[in-house]
Amino acid sequence: MNFNSSKYISHLPESLLPNDASPEWNNKADNAWQLTAATLVGLQTVPGLVILYGSMVKKKWAVNSAFMALYAFAAVLVCWVLWAHHMAFGTKLLPFVGKPNFALSQKFLLSKASTNYYLPMADFVFYQFAFAAITLVLLGGSLLGRMNFYAWMLFVPLWLTLSYTVGAFTIWGNGFLEGKIIDYAGGFVIHLSSGVAGFTAAYWVGPRTSNDRQNFPPNNIIHMLGGAGFLWMGWTGFNGGAPFQVGEITSLAIFNTHLCTATSILVWISLDMAVYKKGSLIGSVQGMMTGLVCITPGAGLVDPWAAILMGALSGSIPWYTMMVLHKKSPFFQSVDDTLGVFHTHAVAGILGGILSGVFAKPKLLRILYGPYGSGLLYSYFDDNIGQGIKQMWYQLLGAVFITIWNVVITSLICILLNRFVNLRMQEEDLEVGDDAAHGEEAYVLWGDGERMRLPLRRDISPIIPYISHQRHSFPINKIDE
């Protein structure tokens, strides 16, 4: 259709006519949905993961865990527009990364996003930032309860620059695997990379204190569920925004996302009840996460029946690796992955990537990408099994590349940082937690008989003047009413 033709423009309602604020190429529906989708993805992190992390950890780490997520979100946005966006989606510098450049000029941000997207570049930049930000925050889930916050402040921009941009450019940008791998919304780029990098960084940072490893109850399960709700509903924008247009792929992706997730939760709960004789709310949140992650690389490219099957597998295979294999394997036991990000994101991400290579429907691939390969299952029935095998080879190649790159680069970043700043907090601070790290605590009232803990950090506390150089708090008996 020729959208420049006066024949079509003359029949448009006045509200849809092009003007100075909305040029002819701008599809207002696509534009509005993309801004909504990007906002939903942002809400997955702030407040979603901020609440989830702050509630899922031991009480003494609530502030630090939430703060790590909030900092990463802010830092990634600044780095993204200053250099990282063009490294991920700009002009090719190397086969796996683009040239760093600003994404700040009005001319650039208000230009058409691409030949296939009828919306401003600003929408694309913001949506991709939200993807990058949540990747760093997911990675941080492996490091909660011991990483030095100053080291985290340096780790975030380094990992974004040296790792995330490479994965995004290689698979989604103009890299050597672009157009070959089926990764609809980030099963490899976001989830496999965050799971592998988080596990690797956890190795270099070292474990939590022995007491924290053995006794690490969530401080507020109900709040944790609220954060999980932001994640689940926010995935409507996560997978629904990936086509960058309002169409049938968007609708199918959203439907499949929630169908797979619900199936995964039910399977996880069933396994918990079969083995441990009772269901677990924390376990159901883990099952929710694995379902969301597994469907992500193929959300708009598979039929609903395949989404149900993917949900069944994402609720069982990561359950086995986390609840059985992790406890038996000396390898897994040697690395303290605080929230099990390796299982919920790396295992579920690679599972989803492989299953997307099996179940991707040729018609849906053509609608979204144009000329493309075919899933293994459909290539078998179409008498073109060679094409399906080739696609599976690319899926495996992508998984191997993302895994190796993240292990190597994350290790180098941690080794480099450790030469300038300690990766983990001092042992005495690890015993105290938030009060030592930030001079703040999550809850004023806590424990039997309810005790009030007042921070003694003089530059923050509005209640008492400077008393001691120690940044710890002391119990004050609650005044009898």
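Each residue, glycine too, has its Cβ placed from N, Cα and C.
According to the topological domains annotated in Swiss-Prot, Lys60 and Ser334 fall on the same side of the membrane.
Checked against Swiss-Prot, the range among 282-302, 429-449 recorded as transmembrane segment is 282-302. The list of residues near the transmembrane segment (305-325) in space but at least 6 beyond its ends in sequence, with Cβ under 8 angstroms from a Cβ of it, reads 255-257, 259-268, 271-272, 275, 286-287, 290-291, 293-295, 298-299, 332, 340, 343-344, 347-348, 351-352, 355, 359. If you look at the transmembrane segment (185-205), the same-chain residues 6 or more away from its ends with a CB under 8 A from one of its CBs are 131, 134-136, 138-143, 146-147, 155, 159, 163-164, 167-168, 171-172, 238-239, 242, 253, 293-294, 296-300, 334-338, 341-350, 352-353, 356, 398-399, 402-403, 406-407, 409-411, 414-415, 418, 423-424. Contact counts against the transmembrane segment (152-172), taken as Cβ pairs under 8 Å, peak for 396-416 among the stretches 124-144, 282-302, 396-416.
As a quick check, the transmembrane segment (37-57) and the transmembrane segment (364-381) miss the bar of 3 or more Cβ pairs under 8 A, pairs 6 or more apart, so the two do not touch. Tertiary neighbourhood of the topological domain 'Extracellular' (173-184): same-chain residues 88-92, 95-98, 239, 242, 253, 296-301, 353, 356-357, 360, 365, 368-369, 372-373, 375, 391, 394-395, 397-398, 401, selected by CB-CB distance under 8 Å and a gap of 6+ residues from either end. Beyond the ends of the topological domain 'Extracellular' (242-248), by six or more residues, the same chain brings 27, 29-30, 33-34, 113, 116-119, 123-124, 127, 184-185, 299-300, 367-368 to within a C-beta distance below 8 angstroms of the stretch. Between the transmembrane segment (63-83) and the stretches 124-144, 282-302, 339-359, 364-381, the greatest number of Cβ pairs separated by less than 8 Å involves 124-144.
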